[in-house]
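Features as listed in TrEMBL:
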{"type": "TRANSMEM", "residues": "12-30", "note": "transmembrane segment"}
{"type": "DOMAIN", "residues": "41-219", "note": "domain '3-deoxy-D-manno-octulosonic-acid transferase N-terminal'"}
{"type": "ACT_SITE", "residues": "E68", "note": "active site, proton acceptor"}
{"type": "SITE", "residues": "E138", "note": "site 'Transition state stabilizer'"}
{"type": "SITE", "residues": "K216", "note": "site 'Transition state stabilizer'"}
{"type": "DOMAIN", "residues": "295-407", "note": "domain 'Glycosyl transferase family 1'"}
Amino acid sequence: MYTPNSTFGVRIYSALLYLFTPLILLYFGWQSRKNPDYRGRMGERFARQVIPQEARGAIMFHCVSVGEFMAARPLIERFLNDGSDRPVVITCMTPTASDLVRTIFADKVYHCYLPLDLPTVMKRFLKALQPRAVVILETELWPNLVLQSRALDIPVALVNGRMSEQSARGYIRLSWLFKPVWAALSYCAAQTDVAAERFLDIGVRPEALDIAGNLKFDIHVPPSTRDDVSEFKALLGNRPVVTAGSTHDGEETQLLDAFRRILPSKPRTLLILVPRHLERFDEVAKKLDASGLRYVRRSSGRPITEDTQVLLADSMGELLIWYGLATVAFVGGSLIERGGHNPLEPMAFGVPVISGRHIFNFSEIYQQLDQRQAVRWVDDADSLYATLSGLLTTIETAQRLGAQAQQLFSQHRGATARMKSRVEQLVSNT
């Protein structure tokens, strides 16, 4: 059995987390004003829920939020459809991700929030769940989740691992806490050679490290989604569509400014605005009210008519549909310092990508796009207007950019099968 190296640093971290738990509870209470789920499921944060018998012995996937869950989806589906009847558990941290898990998988999986990373709480959760393996997406590394799992002889895999230069420097500064945690990983699947080198630098054991590619290239577009795209395209006819996906506060105002300036020359253009977080849907609706643009909310059930200028996509799990409809796509979180979001979804449909320059969360993918001149960079409303106007006017250029992006997307598929095989090896060895 693995014995975790419970260093002084980990003990200090745990003590501080106990100390700050009241503040965390206050934060949840504050957030519950916008989403009651923060308050209504508080028992899950302390592993006080009843774990059903049929969920025990599962492969557990931890996906902190929506982006990680969507990346994990192809891998989760592989486990669900491999004929083993082995249960799958999905944990997350946010109500937005929780709603999406329930929407997509319903009762095919057991789902709950990951408890707070307190050693006693995490141990109680893991003993009740008894997972065959814990699979963590990207870099969501909680020290007690990892160390308590290994103390119970549960293998821990980090898949789709990405590690920016900035993050690596941070982990090196905090090596007194994180080095034994990285060393405890049973398997670490890095997306790239560069990420793999950084994982070694921060403490991952060489024998646990693998360069497996990026799960996000294995996006599966379900037939039902393609059917929805076809239905909407039939409704919209030949209207140009600009999809702005995963937008944040500070971006919608610039998008609406640029879009208003496009309308005089392209009056039939439709903007599909998809805020990143559901708790901001009403806030963005107020911005649309103030803009004077004619819009409908997806949640209202009202149809998109020829007079509709903006669709506010205040729904969950439909981002692929909106990217599939796009003539041009802006990927949000990039005009502000949020690190950007996943450009692979529009790439899968051959849609040209526009992005701001704050893309450190997806720097490797954007670097490959940039090398192929398959992305257009913008800095503000002025450059966004100029870029959108140019691509909507010169459709041949937009189509060429989209084709180059789709070719890059197709060349990098296959990570899902490799990672599933390695996780299966971990399970069979326990």
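Quick reminder: no glycine exception, Cβ is built from N, Cα and C everywhere.
Within its own chain, the transmembrane segment (12-30) has Cβ neighbours under 8 Å at 38-39, 42, 45, 116-119, 143-144, 177, counting only residues six or more beyond its boundaries. Note: the CA-CA distance between the residue listed as 'active site, proton acceptor' and K216 (site 'Transition state stabilizer') rounds to 9 Å. Ranking the recorded positions E68, E138, K216 by how many Cβ atoms sit within 10 Å of each one's Cβ puts K216 at the top. Across the structure, K216 (site 'Transition state stabilizer') and E138 (site 'Transition state stabilizer') are spaced 11 Å apart at their Cα atoms.
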